[in-house]
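A.B. asks: Dumping the structure here so I can ask a few things about it.
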Ligand code: NAI
């Protein structure tokens, strides 16, 4: 048995970042992790491996569609799927080993195994019970199942199975037009699969700015994805390695069926707190199964904190990381803070989609007077040179004060471009502040500046 200042349960982006910050603040820290490797869902079966496949499949797309135009002639590459998976696994290995190195460097103990909390101040791993002044639950989330649909991770898969399919399917049905469905759907579409996305709502990407969402759907359709919207999936039957997906169209209740080699179920995730013993401890939960916390990530049981996907808020690695750093500060007696109004969201398709702050729909609902500054990447020289003219930047600013309220970008490197708006928003900047900032030419960032100019006297290159 050992004694620690802090024990964190879970080594995903929330947990490992929390551990490093705790150690930097001089706290004796351990992390419980039952997986063979550190990094949680994000590094092992989520963000990182999916980005490797998105990158590889995008390179193929470039070779097929744009190389010849640039005078790069020759045989178009063919897909060696086992090699692409090996590349993805190598990327995972490099990243997870990187966390192991950071743990050693910061003198953080990895308690290998699945942890539970038998009592406040105690964490059990295997037969060992360790003591901790503070415990942080950072156990993340798992895919939420659809009633009547059995996942076998071979024919009917979650994002985990979809990252390691034995072969590229001829026909893939994706249930759910959210982030996972569209990222992985676009990977397989680029690799040659026929991809049909079935979505319950009448639009893709719930919660996203409607104008961006419509453009996004149009661009994905151009890449070959087909969309069946307003459709509720009822069942998935499997036989002889194939699947039959049954759904009804909400507009007329008509029943339909479609065959597929692989069905990706991407209908959301739920907090994962199984086996921790939270009910026996009396830890309060929300009615959606999340650990209830106060503004300082403390649960109702003294000394037990929770962060990341296990609590309320968007299920995003970077939101968990921020909470991990902030709760470490709180535990060390400092002031941890997360500005939930400025958390970007990114979809890593091609083009990327990135968003921060309010959407137009939210501002209308709130009755807020606002103005819109929009700029198309068609007017951006760099984007034109790189076959990346699809999409736009949209900045929403207060009509009176010009303060930036939100930004929505669909286009090249949107996931990176969004951060200058995030920083501006953190400083309470106006659109004019962005517009008056010199932006290097030729860069994609100029499109952000032009959108800011469009909130005032107008963009230059429109
Ligand atoms: P999601 O919540 O983004 O989308 C699920 C979609 O499934 C919704 O559009 C919903 O209307 C639809 N749906 C639900 N039931 C249905 C049914 N019976 N028939 C048809 N459609 C149905 O969930 P997703 O994509 O599974 O992602 C889970 C979480 O992981 C999200 O919180 C997401 O933000 C996070 N994530 C974030 C990534 C990123 O930041 N790039 C990457 C991957 C995941």
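One-based numbering along the chain as shown.
Cβ coordinates come from backbone N, Cα and C, glycine included.
Note: TrEMBL annotation is automatic and uncurated.
The feature active site, proton acceptor is assigned by TrEMBL to 441. Taken from TrEMBL, the feature FAD binding site covers 51, 115, 139, 140, 141, 309, 315, 316, 317, 318. The NAD(+) binding site annotation in TrEMBL covers 176, 177, 178, 179, 180, 181, 182, 183, 199, 268. The disulfide bond annotation in TrEMBL covers 42-47. Residues annotated as domain 'FAD/NAD(P)-binding' in TrEMBL: 4-324. Summarising the annotation, TrEMBL assigns domain 'Pyridine nucleotide-disulphide oxidoreductase dimerisation' to 343-452.
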A.B. asks: Rounded to a whole angstrom, what is the C-alpha distance between residue 141 (FAD binding site) and residue 42 (disulfide bond)?
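C.D. replies: Here the two Cα atoms are 10 Å apart.
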A.B. asks: For residue 315 (FAD binding site), what is the secondary structure state per DSSP, taken as helix, strand or coil?
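C.D. replies: Its secondary structure by DSSP: coil.
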A.B. asks: For the domain 'Pyridine nucleotide-disulphide oxidoreductase dimerisation' (343-452), what's the model's average pLDDT?
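C.D. replies: Its mean pLDDT is 98.
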A.B. asks: Counting other CB atoms within 10 A of each CB, which of the recorded positions 51, 441 comes out lowest?
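C.D. replies: So among 51, 441, the recorded positions given, the one with the fewest Cβ atoms within 10 Å is 441.
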A.B. asks: List nothing but the one residue from 42, 180, 182, 315, 317 whose Cβ has the fewest other Cβ atoms within 10 Å; the candidates are the recorded positions.
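C.D. replies: Each of the recorded positions 42, 180, 182, 315, 317 was scored; lowest Cβ tally within 10 Å is 315.
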A.B. asks: Grab the NAD(+) binding residues from the record (176, 177, 178, 179, 180, 181, 182, 183, 199, 268) and give me their largest CA-CA distance in Å.
C.D. replies: 15
A.B. asks: Does any of 42, 139, 141, 176, 317 have a Cβ within less than 6 Å of an atom of ligand 1? These are the recorded positions; tell me which, or none.
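C.D. replies: Cβ under 6 Å from ligand 1: 176.
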A.B. asks: Which of the three DSSP-derived classes (helix, strand, coil) applies to residue 141 (FAD binding site)?
C.D. replies: strand
A.B. asks: Return the residues near residue 47 (disulfide bond) by Cβ distance under 8 Å, restricted to its own chain and a separation of at least 6 in sequence.
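C.D. replies: Those within reach of residue 47 (disulfide bond), by Cβ under 8 Å and sequence separation of 6 or more, are 317.
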A.B. asks: Which residues of the same chain, at least 6 positions away in sequence, have a Cβ lying under 8 Å from the Cβ of residue 199 (NAD(+) binding site)?
C.D. replies: 176, 177, 181, 227, 228, 229, 230, 231
A.B. asks: So how many other Cβ atoms are close to residue 141 (FAD binding site), meaning within 10 Å of its Cβ?
C.D. replies: 22
A.B. asks: Within its own chain, what residues at least 6 apart in sequence put their Cβ under 8 Å from the Cβ of residue 139 (FAD binding site), listed in sequence order?
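C.D. replies: Residue 139 (FAD binding site) has long-range Cβ partners 9, 10, 271, 272, 273, 276, 308, 310.
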A.B. asks: Roughly how many angstrom lie between the C-alpha atoms of residue 178 (NAD(+) binding site) and residue 42 (disulfide bond)?
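C.D. replies: Here the two Cα atoms lie 17 Å apart.
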